[in-house]
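Written out below as structure tokens is the structure these notes cover.
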Amino acid sequence: MASASQPSGNGDGEAPRRSQVCYKCKLPGHYARVCGLYWKERFESKTGGELSDGSGSRRNRGRSASPLRRRWEPSKRSPSADSKYHGHNERDSVKDLVSLLVAEREEKERAKREEEERTKQERKTLVKEEKRRKKEKRKKREQQENDERITRIVNMQFSRRWGEAKEEVGLDSSPEYRQERRRHRRASQRARKHRLYRHKSSSDNDVSEISNRTRGLRLTEKRKRAHGMTEEESQSSPVCMLLRQRRIAISDYHRKPSR
């Protein structure tokens, strides 16, 4: 049997076959599937540990022969065929897949919570805005009602003092209307003060006139009484009665407290 490192031929004068080349180590004489075995045999041949079949003769294995296994050595299997290796890889893959699914689910739940929180905040904002608008509307209505009530009270007081108030639409709040009302109010106050002063002056003049006439009447009465009238006649005369009434009126006037 020819060695795996020797090229094969038939010796009939035919052309030799194409040399074997390993695509792993790029060296001729073997294929890639037996690259490890080839270099193992090379190493054992250099160290003197040549393999034998028990009779002392060297065994040359061809390229298609399976690697020799000693009886006391366990059989070697490819890592791809090892169940433990496959189980470890499968466990890692399943673990990574579970972690990915859990992370995706947590991300969805977090996005859902954020959306619910944002919706809740927007709802609260809308409720607060609605309450604020209602409060402003209520305050505006109350202020308008208060202004109307004050306007009615002012018009009533104005009508009681200076007659009926003018109800002209659009002029109550104008500066010209307010200025006209102030001018009319000042004129009314001046006229009232003037009337009070004239009444007081006329009252003083009447008192002076009555006093002067009373003095004259008293003197006349004394003269008449001196000419022979009795005291009872003089007291019961119309002139004395009028004089007595005027004296009572003057005394009552002076007794009144001054305003």
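Positions of Cβ are set from backbone N, Cα and C atoms, glycine also.
What TrEMBL says about this one:
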- 83-95: compositional bias 'Basic and acidic residues' (COMPBIAS)
- 103-130: compositional bias 'Basic and acidic residues' (COMPBIAS)
- 131-141: compositional bias 'Basic residues' (COMPBIAS)
- 142-151: compositional bias 'Basic and acidic residues' (COMPBIAS)
- 164-179: compositional bias 'Basic and acidic residues' (COMPBIAS)
- 180-200: compositional bias 'Basic residues' (COMPBIAS)
- 204-214: compositional bias 'Polar residues' (COMPBIAS)
- 22-35: domain 'CCHC-type' (DOMAIN)
- 1-20: region 'Disordered' (REGION)
- 46-152: region 'Disordered' (REGION)
- 164-240: region 'Disordered' (REGION)
_Within the compositional bias 'Basic and acidic residues' (142-151), count helix residues (DSSP H, G, I), strand residues (E, B) and coil residues, in that order._
10 helix, 0 strand, 0 coil
*asked:* DSSP-wise, what's the residue breakdown of the compositional bias 'Basic residues' (131-141) into helix, strand and coil?
replied: 11 helix, 0 strand, 0 coil
*Residue counts (helix, strand, coil, in that order) that DSSP gives for the compositional bias 'Basic and acidic residues' (103-130)*: 28 helix, 0 strand, 0 coil
